[in-house]
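Report on the following structure.
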There are 2 protein chains.
Amino acid sequence: MLSSLKRLIIGRPLRTEQLQEEKLPIWKALPILSSDALSSVAYGTEQILHVLAPIGVLALWYSLPISGAIIGLLTLLILSYRQIIHEYPGGGGAYIVSTDNLGWFAGLIAGASLLIDYTLTVAVSVSAGTDAITSAFPVLHNHSTLISVFFVLLLMILNLRGLRESGTIFSFPTYLFILGMLGLVLVGLGNVAVHGIPADVPPVTHTFPVGLTWFLLLRAFSSGCSALTGVEAISNATPAFRKPETKNAARTLALLGLLLAVLFGGTSMLAYLYHITPSPTETVLSQIAEETFGRTLPYYYIQGTTALILILAANTAFAGFPLLASIMAKDKFMPRMFASRGDRLNFSNGIIVLALAAIGLIVAFEGEVERLIPLYAIGVFLSFTLSQTGMVVRRWKQRNPGWMRKLAINAAGAVVSFIVLLIFAVTKFTEGAWIVVLVIPVFIFAFYQVRKHYEAVAEELRIDIATDKPEKKDHVIIIPVGGISRVVRNTIAYAKTIGDDVVAIHVAFTEEDAEKMEKKWEQWNPGVRLVVTRSRFRSVNGPVLRFIDMVQERVGDNLITVLIPEFIPRRWWQRFLHNQSALWLRFLLLLRKDVIVSTVPFHLRK
Amino acid sequence: MLSSLKRLIIGRPLRTEQLQEEKLPIWKALPILSSDALSSVAYGTEQILHVLAPIGVLALWYSLPISGAIIGLLTLLILSYRQIIHEYPGGGGAYIVSTDNLGWFAGLIAGASLLIDYTLTVAVSVSAGTDAITSAFPVLHNHSTLISVFFVLLLMILNLRGLRESGTIFSFPTYLFILGMLGLVLVGLGNVAVHGIPADVPPVTHTFPVGLTWFLLLRAFSSGCSALTGVEAISNATPAFRKPETKNAARTLALLGLLLAVLFGGTSMLAYLYHITPSPTETVLSQIAEETFGRTLPYYYIQGTTALILILAANTAFAGFPLLASIMAKDKFMPRMFASRGDRLNFSNGIIVLALAAIGLIVAFEGEVERLIPLYAIGVFLSFTLSQTGMVVRRWKQRNPGWMRKLAINAAGAVVSFIVLLIFAVTKFTEGAWIVVLVIPVFIFAFYQVRKHYEAVAEELRIDIATDKPEKKDHVIIIPVGGISRVVRNTIAYAKTIGDDVVAIHVAFTEEDAEKMEKKWEQWNPGVRLVVTRSRFRSVNGPVLRFIDMVQERVGDNLITVLIPEFIPRRWWQRFLHNQSALWLRFLLLLRKDVIVSTVPFHLRK
């Protein structure tokens, strides 16, 4: 029954041969690989305004230079990642690039950051997607956590089924979103061009208004950098492109950079011109769309495609997390279960763990995007820094023709990413970044412990097949019996089958019972010795364990088998009607060395 | 660790010989056996007023004749139960008396009613006790459910430890309560005698005020009958009395009747004179005490002793429920676990089940006494009716000298109890009594099913010790192996020890792996055949199960043993690092007949 339910939800198992990758043309790769990056537009501007708006209307103007700086950073990152594409045509995730060039330790830092970030991608994107929905339909606002959890579970199930076959369908939402956002930016700026700048536009200042400090400005900048998350996705997936892979991937990356710059810049500009400030019940993007179109069809189109692309962005983490976990599991840094493919050929354990972790975050932070953001981008920029530093080292080691220019680009990327990382760590530390700063070392410690354990186990289990052969041993069989019945007869028959040295033990609670049992056993004469012990504490397991200890002491290195007679009722609920002492005894015996426990089942027919 | 925690909470185990009953003198039996009945005074009057007060001030007077009728009913019950004491000196609970005289079916109805009522006694008494506390300290009012749950858990732990030794201590609260209540009634009525009847006493009417109907009057009467719950406790416990048991028990019962009549009548009288109406935040008894003493020390004394005796009343159910459950378990109508004594010689399973059920009720009804009452007294009066009817039948069958007078008393008790039962069922049906009316048949059905199962099992397990001897059989041993390692060597060594026909099975995911394994096995040559099967679905268990099927078909009735190699890591968390496929395979195999599964453990040292 359980397995047919599983089949209904997950689908029927696939054969190993069916594992093959579809090669993507640019038009299909762009939407699939860049939904994470593009969707950040939905919350990037809002995060800047969250810092500036409380200071006052005079601070709002600063959102424009900050957005400019972020677009500059974006350009540098795009250039750096194009380098990685050419250098790692097999896919250059931060874990691989760092391990390859900077060693295991750097690789593990990158791995930890990425696993955390994939989880946060799901939590942030799904929460932001839910915000887009509740902005359009305020009546849903109070249920946003529940809606987010529902979406995560939906993504989990879809991914457990395997999503590849529906790849084409998944490219539509991204194009619809791009189209809608370009329309919004054009119509919005066009309106301003035609009707002139609105009257209440926040004034431009060149001195700091009261309350604005460099610290707050940097914090606003680092919050805005959440718009850059996801730009590394294309360079991770180079082998998925149609030939020529590297060229196509590089082109797609450039295209992504251009789109991201236009949409993010346009959104920030419109937010400024419309004098929009963040609200707890409506997103900044929703306010911009409402200001531009009113609550008409185009408004709902923007909200709908925003929600869709955000959910899709979360979906990219459902591809990335399990893949990275499987690579790290193969390197023995993570539990082996992450490396095994499920019925539908995906890494199902990774998918489930990611979903549960994301749900945990959403519930803990009540699905509030601005509270999740401080945890988010720190890992992203940590992995950016490590990748770029790795590339610098690589360039230096190889010194191929033209290496100096390339090294310079990567070095610039590394330095700038590192600076942003520092800004992040400092300005967001008390708001939640400390959690990540704390968790990464814990993860790295865990990775090492896991590897150490696997190596120790492998060492201990290894045998020399030339000399190390299994040998027959002597053994004693012990059967705890509660009385004389078919179950006991059945167990003794089995005991006689597997050995000659068999002894039964009975625990009596009163002297009278003890004598009765001894007498009845003698009459029955099953060909097996019986030892009767007395228990004044009405406990069976204690005396049985003590008897086994005694036997173990006497036989030394010989094997001891404990056969537990057990009858199995026909229906599951009937189990509650019988003492589960057999189960408990087995559990206690499993902790002992050199004792083999076996339950000899007797299946009831009625 | 778990077992030392258990020892800390429950205490060290006791020996079976330590089981002995202390014989009670009257002065000690009265408080211990009548706390349930006496404590009902704390809510009896309030339940009457709950029905009358909403009708208006003119209806309040009717609380007096209703209380009078209830005291009349009490007198009749006391007389009837004195009969049971003399007839059943071994203890005459409704289950025993009904089974004995009316047959199994009547006994089971009584058993079901009593089990339900014990549970409700805990829920109602603890909730009312909490009300007494929150009336005195209103700040606690919002936490009443939590406080009630805490008290139930406390009672559970105390009872699991075994309470007998502290019996004397438990008699104080009852005496303190009796003293306080007598004082309250005397001072209250004395005040009225000295200062005259208060000005705002509700007027006496002889016609029904608007809104009052016979139906409501009967409902008020049946609510007030909740004050009579617990009067049967003394007759259940006759053998616990000091000699002459029956005489002492009968005396104690008479004493209880007198006290109950005085306290209940006095409380109802004062509530009427003071014109008190029920309040959601303060009990009627608390209002009476406040009116009489003000919020002075005597007020807090009344509230404190009321809370204490109510908790104590709940405690009587913790003695009654497990005892009844154990009797019914010995009669095979309830799961066997209820009949076995725990470490401290008490029926620990009954104690735990009672506590959990009572907590369930308290949480479901938010600890509101007036919502629990409709469920309560129906079972009490059902068991009263059955006991008394049983006695009528017994008198008729025996017809000893003077039987007619005795039969008349029991018949009157039976008829009146039955009428009250009908009134209850009708007037309270929609308020919750339907739950009990529904649950009792379900319980009875379950009792029969349990008995049927035990009888079928006993029948199926019975053997003829003269002819039915265990015989040695042929058997095949199958070992699923994942590779060649110490764990596998260990398992094969064991297999060779227990039999000669051993076969290993390996599941390979690719053709390449299959050939590699076959070759390596040949080199190793452990003296055991290897069968390699291919799985294209990356599942190990499926092919192993199919192989076992195949072998089973070939060997027919012979035994099959499956030995699962398993290594056990040194620390529990390390288990997560290894696939638990052995566990799953064992589970799947446990469902099969004629296959014995054994895990051969290999304990890792590192």
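Cβ coordinates come from backbone N, Cα and C, glycine included.
The annotation transmembrane segment is assigned in TrEMBL to A:59-81, A:102-128, A:140-160, A:172-192, A:212-231, A:252-274, A:300-324, A:345-365, A:371-387, A:407-426, A:432-450.
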- Okay, the transmembrane segment (A:172-192) and the transmembrane segment (A:252-274): do they have at least three CB pairs under 8 Å, pairs separated by 6 or more? yes
- The answer for the transmembrane segment (A:59-81), taking Cβ pairs under 8 Å and residues 6+ beyond its ends, is 44-45, 48-49, 52-53, 202-205, 209, 211-212, 217, 220-221, 224-225, 227-228, 231-232, 234-235, 253-254, 256-257, 260-261, 264-265, 268-269, 271-272, 275, 277, 384, 387-388, 391, 409-410, 412-414, 416-417, 420
- Query: For the transmembrane segment (A:102-128), which stretch among A:172-192, A:212-231, A:300-324, A:371-387, A:432-450 has the most Cβ pairs under 8 A?
  - Reply: A:371-387
- Item | Beyond the flanks of the transmembrane segment (A:212-231) by 6 or more, those residues with Cβ under 8 Å of it | 34-41, 43-45, 47-48, 50-52, 55, 58-59, 62-63, 66-67, 69-70, 73-74, 77-78, 81, 117, 121, 124, 253, 256-257, 260, 264, 313, 316, 373, 376-377, 380-381, 420, 423-424, 426-428
- Message: Checking distant contacts: for the transmembrane segment (A:407-426), what same-chain residues at least six beyond its ends satisfy Cβ-Cβ under 8 A?
- Response: 73, 76-77, 79-80, 83, 218-219, 221-222, 225, 377-378, 381-382, 384-385, 388-389, 391-392, 395-396, 433, 437
- Who are the chain neighbours of the transmembrane segment (A:432-450) in space, where the CB to CB distance is under 8 Å and they lie at least 6 residues beyond its ends? 105, 108-109, 111-113, 115-116, 328, 332-335, 371-372, 374-375, 378-379, 382, 424-425
